[in-house]
Amino acid sequence: MAGRAAPAPEALLCALLWAAAAAAAAGGGPGDNPAPGAFGRVYRGAVNISAERVYAFAYRSEPGQVDAVRVYVNSSSENLRYPVLFVVRQQKGVLSWQVPLIFRGLYQRTYNYQEVSRTLCPSEPTPETRPSDQIIFVDVASMAPFNIAYELLVTRLENFQLETNKAFNFTASPSQPQYFLYKFPQDVDSVIINVVSDAAYPCSVVSVQDIVCPVYDLDHNVEFNGVYQSMTKQAAITVQRKDFPGEQFFVVFVIKPEDYACGGSVPSSIHGNVNRTWNLQRTKNLQVTIVPSIKKSVYVQAMFFSFLGFLSFYLGSVVVAFVHYISTDMKLTVPSGSDSVAGSGMMTSSHPISASTPEGSSYGAIDESSSSGGRQLSSPEHRPPAGSDTDSSVEEESDFDTMPEIESDKNIIRTKVFLYLSDLSRKDRRIVSKKYKIYFWNIITIAVFYALPVIQLVITYQTVVNVTGNQDICYYNFLCAHPLGVLSAFNNILSNVGHMMLGFLFLLIVLRRDILHRRAMEMKDIYTLDYGIPKHFGLFYAMGIALMMEGVLSACYHVCPNYSNFQFDTSFMYMIAGLCMLKLYQTRHPDINASAYSAYASFAVVISLAVLGVVFGKNDMWFWVIFSMIHVLASLALSTQIYYMGRFKIAHCAGCSGFLSFPLADLGIFRRAVMVLYTDCIQQCSRPMYMDRMVLLIVGNLVNWSFAIFGLVYRPRDFASYILGIFICNLLLYLAFYIIMKLRSSEKLLPIPMFCIVATAVVWAAALYFFFQTLSSWEETPAESREKNRPCILLGFFDDHDVWHFLSAAALFFSFLVLLTLDDDLDTVRRDKIPVF
């Protein structure tokens, strides 16, 4: 009645229990008459449609204490039509379930459990200074027209609250989930929840939920609230104080009825037509330990370490540049009309190539005087002024050959037995240089159009992770994943700063060399006209941009690493390896290197194959057959072009033109193919015309065919890394061949390139060691991947993969410097004495 004062809790409790004791028997109160219950006592009884039981349990809560109660129930009935219903009423909530408790698995399989235990939502601590009394009602009912027996046990939990740095062991099963309370200590802002188990299965789920009732602790609802992970042997969740206003949370442990979510198989007892299982034994022993995470000062130290470490490369570059300026660059002050060069023992003049004819330049070849027109074009006196620009139309048509010789002259020159650099650097320097600058502008365009949707996509991934709380989406190393803002693993992103910083430093180094070269050209320095390797910097600029973009896209991938976006981390790796091979080939073949358009089109094909491999490369044999055929045929085609310096043509019909000549030309294909096979492969089998090239191409083809056979037999799931391995092996093979041929030609390795080669080898060896320390794997399920997680190893902030990022950035930088400085010893050697290989 309105206006009547509410009785005190103590009076209400006493009156209620007195009435229940007077009206009910020891087995429980019928209807709405509760029987007083005692904690720790087992109650047995029976219920039907006309008889239900109500139990009342009262306890006293001390000030500031959180009390938790656990209810155990059991019923021997297997009648799914008439289950026993248990309803627990508390002061601020209701919890209910049925026995048998039914879980649904894959393909409509069901798992029934007759024994269930649940932890009730604990009472909130009151600000009162005196103890308070709490009452819990347990209703037992059934709609069965016959009696169904049951057992009931209610206990108070003694170890409900977890402590920092103290391990706690417990047991859980699908029908008996567990959860515990944790409160943040005053001086801790972030903690890591470490959960381990000796057995991988049964599959389990670890969830962190706010202090809200009801607690979602069953398989079908554990994903409704909070943050969660699937688990086999290990799980780790980082929790920050700022995410929980009450500075406390529940840690929930749920055992799944099936193991397929963790990579396991469906239990053998339910194979076939049987789709129902009773009381499957799926008990798991777990140990949980909550430890404090790193403090903010560690974040600052890690950022200082990352930036200062790579700024030291800038300092070292400045020192080297200053020493080089003191020792070498002062030579630029020598007047351009001087007839000699200080410190040079060779004869020089304002027209060095015209002054003499290279000794031995016609090994097994025709006399170059017959092509005097082309020879005169390469001499300084017939060249346009160094600082002048060509017409824009010339740049547009830079893919076309601008040599004045007829086609046959080009064929004769490039098919000589012994080639020299002067034979393959006959085109106008300015046109060739602008041709290679297209590499730089194209890669910038590609980077912008590739990176923007990637950034948008990974931001969406991170948002989904933060909103849903599903930490199975991203494959982090959860034992060393330090969040910052909305990012879940800031350390994996920060460690990619080295690629960006060293890529920019490489651009500065190339720019300095480019400026010095332009200055020397303006002064008509003889060393820049027909001496040394032709200076074309477009590919170097493209390599620097590619290194920076590798850092950007690797950081994007590590925002949420998973199976579907791994190609973000590898796309520019393909381009880096390809650009390095192109640059190495361009060094001594400047006139016949691939154009930017064909090169980037080839990279696009490779990336397309990588995408198809991600989709179809798991189990589809037809994909691997087609890919292996493409790989082998592409290797043979490229080998043919390299062996014949781009002058190999099967289809040729002299005097035939137009549509009418097509059938005749088509018939000539087979005749020329047989002739080429006979003359180059059978007649010269014992002694090929180009022995060095033949050895390289034979080894290269064996390597590539081995990769093709390996892929066909083993079908690796990580298709992107498989393609990357092909690129890297080919690059290393070509680089080793180049250095061996350089030394074989009595050329020198100066101290700087020698240092870069040694540094490259050492740093790559260290980097690969950390790369193979697998910390996660999206080839497996998220739960299986977490078994590989390891703690941080550097500054308490970076893991093994972060160290790989640091070292690989330095290794790539040194690799670029090798290509940039490898032929510095040839700057004072005439091009008609520099061999081509």
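Backbone N, Cα and C atoms are what each Cβ position is placed from, and that goes for glycine too.
Caution: TrEMBL annotation is automatic and unverified by curators.
Going by TrEMBL, these are the annotated features:
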type     : residues : note
SIGNAL   : 1-25     : signal peptide
TRANSMEM : 302-326  : transmembrane segment
COMPBIAS : 341-360  : compositional bias 'Polar residues'
REGION   : 341-402  : region 'Disordered'
TRANSMEM : 439-459  : transmembrane segment
TRANSMEM : 493-511  : transmembrane segment
TRANSMEM : 539-560  : transmembrane segment
TRANSMEM : 566-585  : transmembrane segment
TRANSMEM : 597-616  : transmembrane segment
TRANSMEM : 622-644  : transmembrane segment
TRANSMEM : 694-713  : transmembrane segment
TRANSMEM : 719-740  : transmembrane segment
TRANSMEM : 752-772  : transmembrane segment
TRANSMEM : 803-822  : transmembrane segment
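Three or more CB pairs closer than 8 A are found between the transmembrane segment (302-326) and the transmembrane segment (493-511), so contact between the two stretches is assigned (pairs 6 or more residues apart). Ranked by number of Cβ pairs under 8 Å to the transmembrane segment (539-560), the listed stretches 439-459, 622-644, 752-772 are led by 439-459. Recorded stretches compared: 493-511, 566-585, 597-616, 694-713, 719-740; the one with the most Cβ pairs under 8 Å to the transmembrane segment (803-822) is 493-511. Long-range contacts of the transmembrane segment (493-511) within the same chain: residues 302-303, 306-307, 309-311, 313-314, 317, 487, 537, 540-541, 543-552, 554-555, 558-559, 798, 801-803, 805-806, 808-810, 812-813, 816-817, 820, each at least 6 residues beyond the stretch ends and with a Cβ under 8 Å from a Cβ of the stretch. Between the transmembrane segment (622-644) and the listed ranges 439-459, 566-585, 597-616, the one holding the most Cβ pairs under 8 Å is 597-616. When each of 439-459, 566-585, 694-713, 719-740 is checked for Cβ pairs under 8 Å to the transmembrane segment (597-616), 566-585 comes out on top. Long-range contacts of the transmembrane segment (694-713) within the same chain, counting only residues at least 6 positions beyond its ends with a Cβ under 8 Å from a Cβ of the stretch, are 624-625, 627-628, 631-632, 635-636, 639, 642-643, 688, 722, 725-726, 729-730, 733-734, 737. Nonlocal intrachain contacts for the transmembrane segment (566-585), taken as residues 6+ away from its ends with a CB within less than 8 angstroms of a stretch CB, comprise 439, 443, 450, 454, 458, 539-540, 542-543, 546-547, 549-550, 553-554, 556-558, 593-594, 599, 602-603, 606-607, 610-611, 614, 642, 718, 720-721, 723-724, 727-728, 730-731, 734-735, 738, 778, 812, 815-816, 819.
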